[in-house]
Every structure is written in C-alpha cells, then in structure tokens.
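Single-structure report; data block below.
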Amino acid sequence: MGDPSKQDILTIFKRLRSVPTNKVCFDCGAKNPSWASITYGVFLCIDCSGSHRSLGVHLSFIRSTELDSNWSWFQLRCMQVGGNANASSFFHQHGCSTSDTNAKYNSRAAQLYREKIKSLASQATRKHGTDLWLDSCVVPPLSPPPKEEDFFASHVSPEVSDTAWASAIAEPSSLTSRPVETTLENNEGGQEQGPSVEGLNVPSKAALEVSSIIKKKPNQAKKGLGAKKGSLGAQKLANTCFNEIEKQAQAADKMKEQEDLAKAAPKEESIVSSLRLAYKDLEIQMKKDEKLNISGKKNVDSDRLGMGFGNCRSGISHSVTSDMQTIEQESPIMAKPRKKYNDDSDDSYFTSSSRYFDEAVELRSSSFSSWDDSSDSYWKKETSKDTETILKTTGYSDRPTARRKPDYEPVENTDEAQKKFGNVKAISSDMYFGRQAQADYETRARLERLSASSSISSADLFEEQRKQAAGNYSLSNVLPSAPNMAQFKQGVRSVAGKLSVFANGVVTSIQDRYGS
C-alpha cells in the first residue's frame, strides 16, 4: 500500500474540516485550527499543539494539516474515525471534564480513547485500503447532525408568529378604512391644515409593503401589527395651524436674542468703564509730569533709581526729581595706590633686613677660612660693604614700588656644558652654574691636611669640636681667644649698623605716611 498523494490529503482534510465541530480547537475553542493530534484524531490550534508537543509523542503525536505532506493512510484513518465530536462525547461519558492538558491526557479516559482510535483506524485501513472516504466519516456516529439556528425563529414563539400572520391577513381592510377618515377630517379643517395623506388611499401598495415586512422581519409584526389593529405605528395629525406654530417659533427666537443682548450689555459697559478709568489715570499722571517739568531723560533716571511716581503707592511723594541734575563724568585721574606702595615698601624693609642677616652669617663663616688675613684689610673690606649697603637702602625715592625679584642672568646657549658634563650621570645646579668652587677648595685643603694621619674621623674631616670630658675645664677653654673676640666685635658692629639703617628707614616711612 502506497502513501497518499498531496491532493488526496488536501481533499480529505477539506471534507473533515467542513464539519462544524472540527472548525474549532478541541482544547481551547479557537477558530480555524490548522494542527491535528493523530493519537486522538482531534483538531488543535497552534498554541495547543505546542502544549501537546511538551507531553511527548507517546501521549500525543502532532502534525500540521496544511504544511505536512507525508501523511500515511493509517494516520488519515485515525482522523476520519475520530473527530472533535467523538472525542468530547467520550471524555464526557468517562467523567473527564478538566481543562488542564497534563491531567486530561494522562487520565484513564485518554488512555482508553487512544486504544479505541488505534483499533478503529486499523480496521478501516484493512477494510477500505486506499479509498478516500469511509461510510461513517461524513456524519459522526456519536453526535446528531447539527441544525443551523435561525436567529428570528429562536426569538419568535409559535403563538406570536400565529398572531402576526392573523394580523397581517386582517390588515388590508384596516388600511383601506384609515385613509378615508383622515381625508374627511382634512376637508372639514379647511385649507390651512397639515400635510395631506392622500398617498395612503392606495390599498394595493400598502398591502405589498406589509407583506414584505412580515416576510423579512416577523418579530416586528408583534410590535406594530399584532398590538393594535388598524394602525401602522404613526401618530394621528391634530387640527393645528402650521403658520401659528411657525410664528410662535419665530417669536421664541426673538425673545432669546433679546435676552442674549441684555446679558451682553452689562459686560460691555463694565469694559468701557474700566477703559475710561485707565485713560483718566494716564491723564492724571501726565499732568503731574508736566507740573514737575520732568524731561524724558530725568524721568528715565528717576525710574531707574526707584524714585518714579509709578512706584509710589501713596499720594504723597518726595520732590527728588525737581532738583535732579545730570553730572557728566570726566576722565578720572588714576590715583596712586598709596597703601599698596607702603605695604610693599614695608615688605622690602623686612626682606632687606633678612638679607642683611644672611650676609652677616656668610661673613661669619668666611672669617673662619680667612683667619690668617690681616685685620686692617678685613676691617676695610667690612666698612666698604657696610657703606655700600647703606647707600643702597637709604634712598627712599629710589626704592622700587613692587617687591624686588632676584635677577637671574640668562645662561648662554653654548656647548661648554655639554662638553663638560657629557659623560656625567648626574649633576646639580651648583655644579652647572659653578657655585661649588669654594667648597671644593676647602674640601681639598682639609684632605691635604689629614693625608699624613693614619685614621680620621668625621669630626676631624668637618672640623667639628669634640666634646670635652666633664670637669676638665681650663681658663683657656672658658675665656675666648683673640680671634673669637675680634669676630664678636665685628658681628656686633655689623648688627648695630643694620639696626640703624632699619630704624632710619622706618622713621622715614612714618614721616612720609603721617607727616605729609
């Protein structure tokens, strides 16, 4: 037995899906299911087919009715002997009404139905072979054929329908008698009566319309035709004059317009009164400005300074603008920053004094190295230095206004430093600028003096005096020697000179600041 062709598969499923119960999903009731469970012979939607796949093929085998084309005859027979109607009735008979997929298809009823579908499909395959149709595949055996429901028939009871037909039969006579009465009433009313109803005199047309209404919508016969005999649901026209009604409507419109105008008039009057008050305020303000003779520029200045009349809340105002004068600013002369100048000068005094003390320390240190020099030349040098410092600092007018910065001589861009320090790994600024010559000379002198000794200490190398033992004092150690006394005198003299120079500068600055 060969496999069915694609055309056979489409033909079989087209006929199976034409059954009303197979047009919805077996599990959720969604319309137009396109998947099928071969194990139970039911049609499923795509969402429920995913749930069946998670159960496993031993419980439910899923295939597509539109995409899959490799169906076998046994699988087609399972779908033909099954169906949604057969499966739902079988599960209902065995008491399985749960909507949970796992509980439903793992139940005893699902197991029995699987075995039943398998046995019926095997019998149909042996009996019919490759025939497309089975004897019982068109009408499901376990469910009666569905009857199409009529919407109007379900809403209309038999008694009501009989009444509607009886009223429809008796209707033409009432239609013929009704227009005659209306025409008589119209003739008695005169010419100014309502619209004519002469069109209702034709009985044949009215009878046709009534019959068509009854055929299409029998439920409406209950409302219009069965409730009242001899009426179509239209109201009877009264003997009224349409001209009078029109006049009344026009009069009502005129009254409404007059009421609207009466309501709008107070609003317009309030707006006009507010505008008049605003203009009066402006006129009063302009008169005040004219009285005070305020020009445009003064008025702007007074408003800018916060002295305008518009900012005055009370009626009393100060006459500031009457004596207002415009002062033209001339080019200002830059004043000398006296305070800054004096502060800088004071700073220069303090910095100069520190410089003097630094020079004294340098002189003190140099006196040790040049002890062998004559005292006369030493005193001459010191006196010349003191006079130079006095001449430098006594001139107050020649002092700079700003703090003096040290003058650095620019280093010439030559190749001497590169030739001198080319092979050296590290150099200092003193070595680069040549400020280490004196220190190197003193160091070489100490090394030559200690070259004959067998051992030296750091105190001998740096000429540090050793601490003498306690109790080993002599008169020579207590009294200062002649060189120390001379050095002391020279230091006292230099300090006294510096103090006199500093005092002279302070007195001069006080006189310049407070005397003049």
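Positions of Cβ are set from backbone N, Cα and C atoms, glycine also.
Matching 89-110, 243-264, 353-374, 463-484 against Swiss-Prot, the residues noted as coiled coil span 243-264. For Ser270 (phosphoserine), the nearest neighbour among the listed modified residues (Ser428, Ser455, Ser457, Ser458), judged by C-alpha distance, is Ser428. Taken residue by residue, the zinc finger (25-48) breaks down under DSSP into 3 helix, 7 strand, 14 coil. Taking all protein chains in view, 11 other C-beta atoms sit within 10 angstroms of the C-beta of Ser457 (phosphoserine). Ser451 (phosphoserine) sits 12 Å from Ser457 (phosphoserine), taking the CA atoms of both as reference points. Taking the Cα atom of each, Ser274 (phosphoserine) and Ser458 (phosphoserine) are about 107 angstrom apart. The two recorded residues, Ser458 (phosphoserine) and Ser428 (phosphoserine), show a Cα separation of 24 Å.
Around Ser453 (phosphoserine), the C-beta neighbours below 8 angstroms that are at least 6 residues distant in the chain are Asp460. Cα-Cα distance from Ser455 (phosphoserine) to Ser428 (phosphoserine): 31 Å (rounded to the nearest whole number).
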